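Engineer: One structure coming up, written as structure tokens, with questions to follow.
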Amino acid sequence: MSERIRILDEKVLSDDWALLTKYTIAYRRFDGRWEEQVRQVYDRGDGAVILPFDPTRSTVLLVRQLRFPAFVTGHPEPLIEACAGKLEGDDPETCIRKEAEEELGYRLRAIEPLFSPYMSPGSVSERIWFFTGHYSQSDRISSGGGAEDEGEDLEVLEMTVDDAYAACLDGRIIDAKTIMLIQHLKLREATHT
Ligand SMILES: Nc1nc2c(ncn2[C@@H]2O[C@H](COP(=O)(O)OP(=O)(O)O[C@H]3O[C@H](CO)[C@@H](O)[C@H](O)[C@@H]3O)[C@@H](O)[C@H]2O)c(=O)[nH]1
Ligand SMILES: [Mg+2]
């Protein structure tokens, strides 16, 4: 255990789709004083996400789907996102290859890992592994759409890189992981020209 943090108590508040745990901790402040704090941690597992890019056409593949937490807080559905999924026991690259086949209907090439940040570390324990990859129209193996038996209902969307970037700026794309990936692609473009 860290010299600055001791877990005094741990209580599971909910163990359903995700695990919500309430911790009571002793925390030593930067000035050396100890104090007691309560922190709740929402654990829904880790995930992976990919933005497939077609360099010859300068396009990317995205999905559109209902994200209920966004809808219920006022965002008109559906959300435009990069293809993503929960790891569910797979390593991140295996997971994202499977998700790309299921959700996008593409077998991707040149898959490259980028970074694996915490997405909301004040409350949510989840980290997401980010990838880029290449595709061309001939890599399409099905119509995608996700696993219907798991309630997935996705629409595959192809956009030019420029339009996807414009969508990040004008609010049509409002999902953080998707914005990060599109910006990454634009940064690469800028540093390679
Ligand atoms: N039964 C049930 N299903 C749920 C619930 N919440 C979500 N689901 C469904 O569970 C499915 C999980 O599909 P995946 O493709 O494996 O995961 P994902 O939801 O796309 O997750 C990715 O994006 C998330 C949001 O940005 C990320 O949090 C996650 O790490 C991953 O990258 C989704 O279709 C979603 O509708 C719930 O409370 N109950
Ligand atoms: Mg998904």
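Placement of Cβ uses the backbone N, Cα and C atoms for every residue, glycine included.
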Engineer: Pick from 85-106, 129-150: which stretch is listed in TrEMBL under motif 'Nudix box'?
Structural biologist: 85-106
Engineer: Given that TrEMBL annotates Ala84, Glu99, Glu103 as Mg(2+)-binding, name the residue from Glu36, Glu126, Glu152 that shares the site.
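Structural biologist: According to TrEMBL, the candidate sharing the Mg(2+) site with Ala84, Glu99, Glu103 is Glu152.
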Engineer: Give, as a single whole number between 0 and 100, the mean pLDDT over the domain 'Nudix hydrolase' (43-181).
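Structural biologist: Overall, the domain 'Nudix hydrolase' (43-181) comes to a mean pLDDT of 95.
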Engineer: Please identify, from the binding-site residues Glu99, Glu103, Glu152, the residue with the sparsest Cβ neighbourhood, meaning fewest other Cβ atoms within 10 angstroms.
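Structural biologist: The binding-site residues Glu99, Glu103, Glu152 were compared, and Glu152 has the fewest Cβ atoms within 10 Å.
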Engineer: Could you check what DSSP calls Ala84 (Mg(2+) binding site) once collapsed to helix, strand or coil?
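Structural biologist: Looking at the DSSP assignment, Ala84 (Mg(2+) binding site) belongs to a strand.
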